[in-house]
Amino acid sequence: MRSSAALALLLCAGQVFALPVNSPMTKGDTKVMKCVLEVISDSLSKPSPMPVSPECLETLQGDERVLSILRHQNLLKELQDLALQGAKERAQQQQQQQQQQQQQQQQQQQQHSSFEDELSEVFENQSPAAKHGDAASEAPSKDTVEKREDSDKGQQDAFEGTTEGPRPQAFPEPKQESSMMGNSQSPGEDTANNTQSPTSLPSQEHGIPQTTEGSERGPSAQQQARKAKQEEKEEEEEEKEEEEEEKEEKAIAREKAGPKEVPTAASSSHFYSGYKKIQKDDDGQSESQAVNGKTGASEAVPSEGKGELEHSQQEEDGEEAMAGPPQGLFPGGKGQELERKQQEEEEEEERLSREWEDKRWSRMDQLAKELTAEKRLEGEDDPDRSMKLSFRARAYGFRDPGPQLRRGWRPSSREDSVEARGDFEEKKEEEGSANRRAEDQELESLSAIEAELEKVAHQLQALRRG
């Protein structure tokens, strides 16, 4: 946008300088163009605006001249050309973005394809190993076939020798005949088995690589899935067991800490009341600060944060006390020791709370001083704002809330500390009243100055209109 505006300014300047300076009409036109340039430069320099001269304001009041110059110099066409250039640039940017997206998609696809190629290479590397194993299994099968053929040949030779030997016997015994028949049948069966074995071997050999390939590919995915499921189940079971153990331990701790629940509740209520005090203190301070131009957020946030921290610490101490052993379970000596420890802890807690309250009041004093200083600076920098705030404060009567509003909500458990705080607040209010008087005087003077400035502004407007 700035570049387009700069181009428009350059074009206007070139056209202004190109105008002829012969007649008084052209001189007026040049003045108007210069004023237009000043206005455009003022609009472009927004962080540090440059004021427009009153002469230019007077010249620009004539609308007819401005319109005639705009029509004469064809600025509308130039603006349209600039708009077209911007549209073209946007279209080019969109095209570039689309091209970048397409390139990213192509890169992702290439990555996926490279990953698939790597997987295929891994499987191919595994398959030659299986083939080598199949070849090794085929080699011993061939050796066994040759051994069987040799044994068959030996059996056949022995059978021929036995058949040639007993021929002179005319009438063999029945036992010998039966043995001969058995021997004659056994070689036939062996030959049948031998003939069947080579035919069955190829099928076995074909089956071996199939099983090996299946055994190599199958476990890679199935076993991993099974292992993952088993691990998830084991983790879930372990988590359930841990939760049950924690519940049992908590139940045991609660049963043991039964007698100590009363003091912990008392301590929690005590600190809860303290936390309420802090919140009310912060609310009162925020009201007083709203009258002077501040909402009191700077005090409320740290005080609330401290109260929450203290409350969380006290809850942790109470849980530790609940986790400890009860008083009634131990004999007399141990019970007394526990009581002493409890008393010491209570004393330490009270001491810490007092220290924290002292720190808090000191912090409040520092914040009050800082706020007064900031208010004075703001009054000097921005008189209008200080005047508005002073009028609002007087109209609604938030100036002096009084000590009773701050004392009414305090509990009766710590009357001494409440009275001390009330006196301290009264002193602070007295000191603040002196400061407020000085501030009131300053505000009155500022209001008078503001009224005078308004009168001057009205007069200037009347002069311009006249």
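Just so it is clear, glycine is given a Cβ too, placed from its N, Cα and C backbone atoms.
Here the candidates are S200, S303, S312, and Swiss-Prot annotates S312 as phosphoserine.
Residue annotated by Swiss-Prot as phosphoserine (from the set S203, S220, S433): S433.
Checking S45, S141, S298, S386 against Swiss-Prot for the annotation phosphoserine singles out S386. Checking S43, S137, S353, S362 against Swiss-Prot, you find phosphoserine recorded for S353. Record note: of S179, S286, S412, S417, Swiss-Prot gives the feature phosphoserine to S417, with no matching annotation on the rest. Record note: of S390, S447, Swiss-Prot gives the feature phosphoserine to S447, with no matching annotation on the rest.
Looking at C12, C35, the record from Swiss-Prot puts C56 in a disulfide bond with C35. Ranking the recorded positions C35, C56, S353 by Cα distance from S447 (phosphoserine) puts C56 first. Beyond the compositional bias 'Low complexity' (92-111), no same-chain residue lying 6 or more positions past its ends has a Cβ under 8 Å from any Cβ of the stretch. In this view, the densest Cβ surroundings among the modified residues S114, S353, S433, Q441 belong to S353, judged by other Cβ atoms lying within 10 Å.
Mapped onto DSSP classes, the compositional bias 'Basic and acidic residues' (351-378) shows 28 helix, 0 strand, 0 coil.
Counting every protein chain shown, the Cβ of C56 (disulfide bond) has 18 other Cβ atoms within 10 Å. As a summary of secondary structure, the compositional bias 'Low complexity' (92-111) carries 20 helix, 0 strand, 0 coil according to DSSP. In terms of C-alpha distance, the listed modified residues S114, S353, S433, Q441 place Q441 closest to C35 (disulfide bond).
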